[in-house]
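Reviewing the structure listed below.
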Amino acid sequence: MTAQLETPAPPDAPPRTPHRVPLWANPRVGLVVLLVALVVLFSVLRPAFLNTRLTLTPLQSDISVYLVVGLAQLSVLSLGHMNMAVGRMAATSAFTMGLVHDKLGAGLVLSLIAGLAVGALLGALAGLIISRTGVNSFVVTLAMDFALAGLITILYSGVTGGVAFPTMPAGMSELRSDTFADYCIGDVCGPRVPLVVPFAILAALLVGLLFRFSRLGREILMTGANQRAAELSGIPTKDRIVQAHAVSGLLAALGGFLLAANNGAFSASLGDSFLLPSFLAPVLGGTLLAGGAVSVLGTALGAALTQVIYKGLNLLQFQLDQLQLYIGLVLLAALSLDRARHVLAERRGNRA
Amino acid sequence: MLLAENLVKTFPGVRALDGVSLTLRPGSVHALLGENGAGKSTLVKLLTGVYRPDGGRITFDGDERHFAGPLDAQRAGIGVVHQERNLIPAFSVAENIVLHHLPSRGGRLDKRRMRAEAVRCLELLQVELDPDTPVSRLSVAQAQLVEIAKALSLDTKVLLLDEPTASLTGDEADRLYSVVRRLRDAGHAVALVSHKLEEVFAVADTVTVLRDGRSVAQDAPLTGYTQAQVVDLMVGRAFASIALPTRTVDGEVTPALQLSDVSTALGHRGISLVVRPGEILGLYGLVGAGRSELAKAVLGLERITSGTVLIHGRPARIRTVGEALHRYRIGYVTEDRKGEGLFLDQPVSRNIAVTVWRRLARAGLVRDRGERELAGTYADRLGIRISSPRQPAGQLSGGNQQKVSLAKWLAAECDILIVDEPTVGIDVRTKAAFHELIAGLAADGLALLLISSDLPETVGLADRIAVMNDLRIVGELANDHDYPRMSQQIIRLIHTAETVSAA
């Protein structure tokens, strides 16, 4: 039992190098590879997959809708919250657009603005309830979804006597059927890109700007990362929660508008299919459910991947139930990956 | 006898342990010492199956062991009490003690056997606790004893204690160590990890000192060392106390922060204190005296029911931290840096810039470059060791994390700073650097309110010391930095106040 004394090691070990995520572990790279592989696979199995008019143009419209819907969910995932009412907020906003046009005779722009405003208000209301009561966002928005579903049925039967508005604002049908190829200056015509695509791109750019560079977006992310620390750093966290949910409602309304344009009607069932894809796009793209980190580019890739799978399986004549099965499996796999990434990040952070 | 030989553990980019050996004998208390990051926790986790060693071997009573996990290690007879609480508040004492091996009979919980096992463990400790009480109703000290009882279930022969007294008062710690002595006398092998050297010297027989993942003293009898020598070993060089810059405080200048007869909804009564620019007011008291809560009341997080708060001589009604920060330039460095001071997953640059986005923003937009430059400036100024401003704060050592949590208030150009337990859980060397830093801030003209339970720290740094006990200020002393005399006076103040309130 003797004391062994070693020569002292240098007191200052070099600081740890920060971990860089290896390229293969970057979810975005994985998505691009998967996307390309699937497109190749589907084109080989069904050459019709590369038909512009039949497949590629509608595919772009669908991706646009679900990108915007994914961004609506991303806006609250940034807080570590959820918006379970994303579909019904879209439907309520779409009802507003139809009402403002059909009963008040407003044009396309005015209807759109009214619808977006209602969406933002609904989101803000959800955020207000969550931040004042402290009740979990999942429960609050789920209850809201339920209430709005009832409200929409009552409103449509009361106002239209059916489940859809009979008329659409002027311009909506062009938004549905036209591509930029239909508009020519002299002999130069645009690409075969549907008119709804720029709406989605603009939304993605603005949301990217919000979370990447704006003080508001950063403070929302910090609230999501650690609300207590954000509060103690002087961030008005309750206001940020309300604002993030308002953005979510606004984007849900935009998604509803784009889908109405694609479908050609403001109807009561609009937005029924939004919930699952709204999570699928951001989570596939690497947005953490825990809050504090978002990826707009990843969400775009996630939306593209989901819609390519839908379209491809559809062309291969899978039934709707089978489609749902596969899409559900994709989400489960993505969520497991999300958890694995989180655990990995934690392990790397906690080696003390 | 638990024997670990030449253990090696590597994490990506770091060799946490590099050939460390440890011997734990029955009937003996072994101290495991080292600065933060020296590898103590890693060693404890290797011995209890949380991590697997990359090299070396662990033998227990002569057999080589490879533990599959913590439960496996406990079944083999190695129990551990981690620094963090691991009890389930809603469960009873008995349920918590036997949590990982609940006895069952025909698929149903066998409550009688569960109680019997819990009572056996509690009797080993000679602790009187009702096994049916929910843990949520226990005091911190009682809960700590339940943790030990839990570690002792399943016929434990080796007990590892990681900072068992971190949140206990002096009396409670004494009681805990009498339990440790009893376990030693009953033939248990005990390993003790602690920052509190007085306690270690009072209870341990032998010592291993780790530094940078290696042992610099291995299995040595503790009687061969003085506390100063052990500190030297931990730090790696003769450790001289740093002469702090002297300051003169102008007693006539308007106080930066003044509380007059303040009462709060939490029960503070008649709190009056004054902090002048360039001055450090020490706010000393035991854990639970209500000091952090008072700080939070000043920041608007708790309600002030009567009395006035004056900032630079003008009455202030602060409702939010944002207001405290942007309007009155008050910063609060929290004691709970992981829970409420830092954003662990976020880059260091954002952790520092979070308070100044308002200033950095142009048309609502913040440029990354401006933010990183700011972070770089403060990293240099405070000596924060980061490899890049993009490094997540959670990757830094405790001392560097604490500096980051201070830096955001300096970046916000606060002139009143409330610093709450700034050196808790920080190693000796970083602690000294931190003291120098705080003294330097006062010399630069900031008004500082130093909340601390560390008596040498308070006497070493403060110009005046207010002593708080049970939500009241029980006395204020001018500090002459004569440690024996000051500490005696302070302890007497707390003690007499206790007798008064008990009468």
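Cβ atoms here come from the backbone N, Cα and C positions, even for glycine.
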| request: Kindly point out the range from A:63-84, A:239-260 that TrEMBL annotates with transmembrane segment. | output: A:63-84
| query | For the transmembrane segment (A:63-84), which recorded stretch in the set A:29-51, A:104-130, A:279-303 gives the largest number of Cβ pairs separated by under 8 Å? | reply | A:279-303
| message | Under 8 Å between C-beta atoms and at least six residues away from its ends: which parts of the chain pack against the transmembrane segment (A:195-213)? | response | 60-61, 63-65, 67-68, 71, 74-75, 78, 174-175, 178-180, 220-221, 247, 251, 254, 258, 261-262, 294, 296-297, 299-300
| query | Hey, which bits of the same chain come close to the transmembrane segment (A:279-303), Cβ under 8 Å, at least six residues off its ends? | reply | 26-28, 31-32, 35, 63, 66-67, 69-71, 73-74, 77-82, 204, 207-208, 211-212, 221-226, 327, 330-331, 334-335, 338, 341-342
